[in-house]
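J.: I grabbed these lines from TrEMBL:
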DOMAIN    4-220  domain 'Orotidine 5'-phosphate decarboxylase'
BINDING   Asp10, Lys32, 59-68, Thr115, Arg175, Gln184, 204-205  substrate binding site
ACT_SITE  Asp59  active site, for OMPdecase activity
ACT_SITE  Lys61  active site, for OMPdecase activity
ACT_SITE  Lys61  active site, proton donor
ACT_SITE  Asp64  active site, for OMPdecase activity
Amino acid sequence: MSNRIYVAIDTPDLSRALALAKRVRHHVGGIKLGLEFFCAHGAAGVREMAHLDLSVFLDLKLHDIPNTVAKAIQALGPIAPAILTVHASGGRAMLEDAKAAAPTGTKVVAVTMLTSLDATDLSDTGVTGAPHDHVLRLAELAHDAGVDGIVCSGAEVAAAKAAWPKGFFVVPGVRPADGPVGDQKRVVTPRQAIDAGASILVIGRPITQADDPDAAARAIAATL
Ligand SMILES: O=C(O)c1cc(=O)[nH]c(=O)n1[C@@H]1O[C@H](COP(=O)(O)O)[C@@H](O)[C@H]1O
């Protein structure tokens with residue numbers, strides 16, 4: 001199977017983003033551009049990165065009323081990213097309209113519970129119960145609304161995949177065994193995430209902050 005690592009190019013600096021992507025390109029399956037990059041460079045920046053001929057995952061985590069999300073996705077249409085994120089907690093109508101508005105070749109994936117949150121954070125938002133149950137509930141909603149898959153942590157992906165065998169499962173919050181976790185709370189190793197059923201892994205700082213990003217990406221890819 002082709003390389004399942006999407007490297008999160010989280011920087012507002014376009015030349016650094018281009019340089020990073022060029023360095024790691026032979027050891028990743030694609031690049032993920034998120035809010036930090038998009039707020040600085042918008043669609044023009046994404047198009048510039050797309051010239052590198054790597055698969056582009058546009059992670060904007062859209063979360064608004066259905067009409068606004070659908071119109072935003074239509075506005076992104078010319079970029080036609082391979083993958084686009086929305087928040088599952090935006091609800092069924094928002095998810096349905098997001099999928100309907102996306103270009104045919106774009107996978108719409110719904111973020112369930114951010115990997116930077118734990119059970120205490122969840123209860124602070126008024127949601128009772130375990131993260132695992134919350135993720136599975138939102139995964140079912142995403143499935144029923146007709147999107148292509150979900151984003152969840154490696155701790156939930158096996159159960160989510162068992163319930164939705166044809167789903168597309170994005171797992172961030174991935175750290176090599178000895179790496180610093182930073183702001184991530186639900187963390188697994190790349191190998192654990194793949195073994196549990198992840199379709200792709202999103203990996204940022206373990207690669208982008210390494211002294212040698214190319215070697216870091218290669219070392220992670222070798223464990224998969
Ligand atoms: O949708 C995402 O990609 C995402 C969802 C989530 O629950 N947690 C999460 O960390 N991410 C993204 O995955 C990347 C993780 O980066 P690192 O923690 O540096 O590996 C960041 O770009 C986050 O925006």
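Backbone N, Cα and C atoms are what each Cβ position is placed from, and that goes for glycine too.
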J.: Cβ under 6 Å from an atom of ligand 1: which of these recorded positions qualify? The list is Leu60, His63, Asp64, Pro66.
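T.: Close enough to ligand 1 is none of the recorded positions.
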J.: I need the CA-to-CA distance for Lys61 (active site, for OMPdecase activity) versus Thr115 (substrate binding site), whole Å please.
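T.: The separation of the Cα atoms works out to 13 Å.
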J.: Taking the Cα atoms as reference points, how far is Asp64 (active site, for OMPdecase activity) from Thr115 (substrate binding site) in Å?
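T.: That comes out at 21 Å between the alpha carbons.
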J.: Just name the winner among Asp59, Asp64, Pro66 (the recorded positions) by count of other CB atoms within 10 A of its CB.
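T.: Max Cβ neighbours within 10 Å, all protein chains included: Asp59.
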J.: Restricting to the domain 'Orotidine 5'-phosphate decarboxylase' (4-220), report the mean pLDDT as a whole number.
T.: 97
J.: Relative to the Cα of Asp59 (active site, for OMPdecase activity), which of the binding-site residues Asp10, Pro66, Thr115, Gly204 has the closest Cα?
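T.: Checking each of Asp10, Pro66, Thr115, Gly204 against Asp59 (active site, for OMPdecase activity), the shortest Cα distance is to Asp10.
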J.: Please give me the CB contact count at 10 A for Thr115 (substrate binding site), counting all chains in the structure.
T.: 26
J.: Tell me which residues of the chain lie with their Cβ under 8 angstroms from that of His63 (substrate binding site), as long as they are six or more apart in sequence?
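T.: Same-chain residues close to His63 (substrate binding site) (Cβ under 8 Å, separated by 6 or more) are Val69, Val86, His87, Ser89, Gly90, Met94.
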J.: Let me know the DSSP-derived helix, strand or coil state of Gly204 (substrate binding site), please.
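T.: In the DSSP reduction, Gly204 (substrate binding site) maps to coil.
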J.: Can you give me the same-chain residues 6 or more apart in sequence from Leu60 (substrate binding site) with a CB-CB distance under 8 Å?
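T.: Expected: Gly34, Leu35, Phe38, Ala72, Leu76, Leu84, Thr85.
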